[in-house]
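Feature annotations, reproduced from TrEMBL:
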- 32-55: transmembrane segment (TRANSMEM)
- 67-86: transmembrane segment (TRANSMEM)
- 92-111: transmembrane segment (TRANSMEM)
- 123-146: transmembrane segment (TRANSMEM)
- 158-175: transmembrane segment (TRANSMEM)
- 182-198: transmembrane segment (TRANSMEM)
- 204-225: transmembrane segment (TRANSMEM)
Amino acid sequence: MTMKIVTIVAYFYLIASSLIFSGDMSGGSEVLIAPSGYTFSIWLLIYLLLLISLVRQFTASECDQALYVKISYLFASSMLLSGTAVLVSDSVALIIIAGSLITLSILYAIITKNAERSSFFSVPFSFYLAWTSIATIVDVFVVADVNNVSLIFGMNELTWTIIMLIIGAGLAVYFSLYNDDLIYPIVFLWGYFGIFVKDDKPLQLTYTLSIVMIGLVAFVIWKVVQEMRGRRMKAEAV
């Protein structure tokens, strides 16, 4: 019961921190890879899903409740780290948000190893982990910007942005295939769309985003079709 209360307190700390913080993921820095402001409305969905998870700690099946207890330390830690990241300097925030990403990754791995969990159990954490992954990538660029780092290994921000967009899309596809998770690439697609609609983008970035987003959409459609076929085959087998 104690850890359930701790997770609730951590949740409200995350909410309170986000209300205090009035900026966006880029912290006011003009980095190419930061999505447009409205994209962050996804946090409202994440907050709602996390709240449902908090309620389910008390109402879910015995199997799910046991799993909530198992991940409670990680669950609370991830929210405390995410809440703190928006209140500190950019350089410190990168370390903290990376810690949140690692915590969520371990938490997610524990969840996926439990085959008896309900189908909803991992949904909030898929959204949360995916958006934290994007936030970590963006924060790397923000820290470079505030420290006036214009070149890394001889490549400028635009080149690195294009590289990271491609790597991010590849990561989303790999994660989806490895974990059979459709939500993760959809969240990345949402983040990429937020970059795409920004004004005054370099033409190379627009082309890259167009190609990568088309690829992600095609993958998501393929994944949906595969899942529908799998369900149909199971139904026919019964």
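Glycine is no exception: its Cβ is also placed from the backbone N, Cα and C atoms.
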Comparing 92-111, 123-146, 182-198 for Cβ pairs under 8 Å with the transmembrane segment (32-55), the winner is 123-146
Chain residues outside the transmembrane segment (158-175) and at least six past its termini with a C-beta under 8 angstroms from it
31-33, 130, 133-134, 137, 141, 152, 181, 184-185, 188-189, 192, 195, 202, 204-205, 208-209, 212, 215-216, 219
Who are the chain neighbours of the transmembrane segment (67-86) in space, where the CB to CB distance is under 8 Å and they lie at least 6 residues beyond its ends?
3-4, 6-7, 9-11, 13-18, 20-21, 23, 50, 53, 56-57, 60, 93, 96-97, 99-100, 103-104, 106-107, 110-111, 114, 117, 121, 128, 132, 135
